[in-house]
Amino acid sequence: MPPAQVTDVIDGEERAVMDIGVRKTGLWANRRILLVTLYLGISLFEYGFDKGAIAGFQAMPGFLMEFGYQTPSGKWAIMRTPQQIISSFMILGAFVGSLLTGPIGSRIGRRHLIMLSSGLIIISIVIMAQTTSFGALYFSRFLCGVANGLLLNSTLVYLQESAPPHLRGLCFGLVTSWIAIGTTIGFVINERTADMHSRLAYQIPLYICFPAPVILILTLPFLPESPRWLINHGKAEQALRSLRFLRKGAYDEVAVQQEFEEMKLVAAREAESEKSWRLALELFRGDNLRRTIICVGVGTANAGVGAMFILAFGTYFFSVAEIGDPFMWTIISNCVGLAGLITTWFVVTRVGRRSIILAGCIICTGCMIIMAVIYTADVPKHNAGIGLITVVSIYLFGFNFGLEPYVYLVAGELPAQNLRGYTMGLAAAVSFTFGWLTAFTTPYFINPTELNWGPKYGYIWFGAGLAVTAFVYFLLPEVRGRTLEEIDEMFRNKVPIKDFQTYVCVEVEQARERGALNVRAMEKLGDEKVEEVRVEGA
């Protein structure tokens, strides 16, 4: 927004005293928040690594010798029930963890919740690596899911509450890149250990997960808590210190005070809100209902375009297609997906997230119908396999370009401040629910001993993708460049979707003026003290 003038009475007349604060938008000026973003991304590495590694375990002889069976032809395979539970219990746990993010995070803070989740990750890894029991394996998958649900949501909420408005999209693109990096590294490690005919084949990938949570537990105490969480819990001085730390080099003191006044405005309004567990009921009342519907709807976009179908069973499809080393093709397709994520870094600061999410939905939906048609038509098996690899690669490019980072961004920036953790947790929980249903039911559709649809399952996901695309087009507003407080004011004032980019937020502008005047008052007080010292000295 263009700088505005603040007036004050000086020597008996009204004059412009200063521009509304200096906010540098360059990446170097904002290097501190970008470094914090990259650091927090460590928490998402394990989530991505798990998606890559566990999907590969199902095609790994060393894992199948413990938890699978040998076919008459001598090949190793896995029964439908373990195949369902290994993938679906992690998602079920993530559902529980997402729902717990709001109530736990509101009590202990975003930082401490990340540390708690990291400890749960370590416990689940140890159990998974050491057990030979199906029961313990299933429990470790559930515990890992709970930890990842807490970790994913608490990290992203912290970033929502800490990043400057013009960089929220880029920060989310950077932090979620750790998911894709983790997934790709998981596949690479699997490819290197896949031929080991021992438990080390899957234990080595699991133990590689250890450093990330350990680093977080040891270093997070040195990172300040989210400023918006602090001010909502009556810790105004700590909130201001945290904000100054995060904005150092990018904002001058006037801009910091203005953002602080915006935060105080919302915190004061929400101070009388219900503080108990009944606060969650506010998600479905008044203007919060509109926000909840949009956040949950967009939050389920990942599941709605069939992401779990591709991510959890991609290696399995490549092995069934018999087109070479399935692990190598999985690595290549994920590298294409990572290229999509890197591409979006250069687009998100120039194009609104609504357009980017729509592009991702269209690409993923189109890939589903193409994949289904390839395996419906009379195409030679080798050609169909090459087509499958191509379509999956394009799908992952579109998914990482337009969906993976930004559905979480939208789900976290639209809610009211005191409901942010609850709303984002609910959106993630619903998304994980659909992901769980996908992981649990997909074997019925693709397994040769069941319906044996294979890639033709894409027809169903084509229909689901069309529904998701329509929802985003008609219901998602564009909020690029808006502060969280501006977004809050627009929802409270029931601004139509088409007017979000042009609406002038009067309350926020007034808060910024107060922030600028506060700095002017402090400068005056400082000048008066200097003059007193000079007079006394004379």
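Cβ coordinates are placed from backbone N, Cα and C, and glycine is handled just like the others.
Feature annotation from TrEMBL assigns domain 'Major facilitator superfamily (MFS) profile' to 36-480. According to TrEMBL, the feature transmembrane segment maps to 33-49, 85-106, 113-132, 138-159, 171-189, 201-223, 293-321, 327-348, 355-377, 383-403, 424-446, 458-476.
Among residues of the same chain six or more beyond the transmembrane segment (383-403), those with a C-beta under 8 A of the stretch's C-beta atoms are 180, 301-302, 305, 307, 310, 314, 317-318, 321-323, 329, 332-334, 336-341, 343-344, 356-364, 367-368, 370-371, 374-375, 455. Within the chain, the transmembrane segment (424-446) has long-range Cβ neighbours (under 8 A, six or more residues past its boundaries) at 80, 83-84, 87-88, 91-92, 94-96, 98-102, 145, 149, 152-153, 156-157, 160, 283, 292, 295-296, 298-304, 306-309, 312-313, 316-317, 407-408, 411-412, 415, 452-454, 457, 460. Of the recorded ranges 33-49, 113-132, 201-223, 458-476, the transmembrane segment (171-189) has the largest number of C-beta contacts under 8 angstroms with 33-49. Averaged across the domain 'Major facilitator superfamily (MFS) profile' (36-480), pLDDT in this predicted model comes to 89. Within its own chain, the transmembrane segment (33-49) is flanked in space by residues 27, 114, 117-118, 121, 148, 151-152, 155, 158-159, 162-164, 167, 170-171, 174-186, 205, 208-209, 212-213, 215-216, 219, 223, 246-247, 250, which lie at least six positions past its ends and keep a Cβ under 8 Å from the stretch. Put simply, of 85-106, 113-132, 327-348, 355-377, the stretch with the most CB pairs closer than 8 A to the transmembrane segment (201-223) is 113-132.
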